Amino acid sequence: MAMQKIFAREILDSRGNPTVEVDLHTAKGRFRAAVPSGASTGIYEALELRDGDKARYLGKGVLKAVEHINKTLGPALLEKKLSVVDQEKVDKFMIELDGTENKSKFGANAILGVSLAVCKAGAAEKGVPLYRHIADLAGNPDLVLPVPAFNVINGGSHAGNKLAMQEFMILPVGASSFKEAMRIGAEVYHHLKGVIKAKYGKDATNVGDEGGFAPNILENNEALELLKTAIQAAGYPDKVVIGMDVAASEFYRNGKYDLDFKSPDDPARHISGEKLGELYKNFIQNYPVVSIEDPFDQDDWATWTSFLSGVDIQIVGDDLTVTNPKRIAQAVEKKACNCLLLKVNQIGSVTESIQACKLAQSNGWGVMVSHRSGETEDTFIADLVVGLCTGQIKTGAPCRSERLAKYNQLMRIEEALGDKAVFAGRKFRNPKAK
């Protein structure tokens, strides 16, 4: 089925920054997709095109990307008469038309917006749910509902506190269904709010970009202690484990790490990667930490490799791998991590996202699908995670509608699958393992 019309506009994301939305029309109707954007971005990500006009949205407008769709990409696709079910052909055509390594001509935000809309239209054309269409594109006969990783305490670049590490997450792996995982997550979240309020006062329960709390604490183990207390208070010590996103590239200074990077710089307090690794091992020993993302800088390969060889938990590459097949291949070869964080806007098309996921999975890695801190009401990644069978998703706390949009969509998908629904649970690292 051919595309009839492609129209892009500038909308606002959950942080009040402009982003790209695309409407694609076929005989089956209108299909709409919106593109997310990140706060802590890896230097190897595909280029998000911003206008740079300081007099408008502080330089963050996306009118150029919108114009690239309306004037160039859209007309070229309509002229080419490609079918919306041919996701790979459509994406390949756009990437070749752009012609740059990092999509800097049109912007990854322009190409991805069209790619997402095409995927939704393709599902409608086939008369199947989006998650089923994505599973077909990936060659997956099965569907798996993921364990949600709720980011409930925020630090790093996501929060105005002194906490260096960016995210502290709870994963209800002991739940029997996605719906139960949501309930457990929400209950722990409310208990955590009570614990923080009692210890730090009411204003400590304001929420960050992703719906988590950002109490003004400095010590990272204090955040873990708060989680442990809340999990106990909610009554789920046997069902909930902890994940972290350190985003260490944000506090990497001249080969060392600064765990107090929001204070005036003092090289005397910087620590080595090895020392930081010892701190993580301490966390793993004292708390139910099962996953650590970006524990070291995106170019500190040697430290990643030596750390991975000494632990048996999940080590996730985000800034390290940026959903990019070349970086993933490098990380596989160096044995730097064992899980890929999959962000569609880091690579900039549906086809390349699926390829990155399959590359990681074929090397025995886990894959965690992820939102960005600047999100929209778009729910594409909920269907993506089910179709790709990755078994884990992080899309914020159970708070703020742009986060709940994804979680609620996952509950609907589970409901639609009925007794065929499979929840990853404790097998979240490798849900396809029999």
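Backbone N, Cα and C define each Cβ position, glycine as well.
The shown structure was predicted, so the numbers you read here are calculated from the model rather than taken from an experiment.
Residues ASP245, ASP318 are given by Swiss-Prot as Mg(2+) binders; from GLU219, GLU274, GLU278, GLU293, that same site also lists GLU293.
In the structure as shown, the Cβ atom of SER83 (phosphoserine) sits within 10 Å of 16 other Cβ atoms. Looking only at Cα atoms, HIS158 (substrate binding site) sits nearest to GLU210 among the recorded positions ALA2, THR72, GLU210, LYS343. In the three-state DSSP classification, LYS343 (active site, proton acceptor) falls within coil.
The Mg(2+) site, placed at the center of the C-beta atoms of ASP245, GLU293, ASP318, has further neighbours from the same chain whose C-beta lies within 8 angstroms: GLN166, GLU167, MET244, VAL246, ALA247, ILE292, ASP294, VAL316, GLY317, ASP319, LEU341, SER370. The number of other CB atoms found within 10 A of the CB of THR205 (phosphothreonine), across every protein chain shown, is 16. For the recorded positions ALA2, THR205, THR229, TYR236, ASP245, ASP318, a Cα to Cα distance of within 10 angstroms from ARG372 (substrate binding site) holds for none. Per Cα geometry, SER370 is the residue among the recorded positions ASP318, LYS343, SER370 nearest to THR229 (phosphothreonine).
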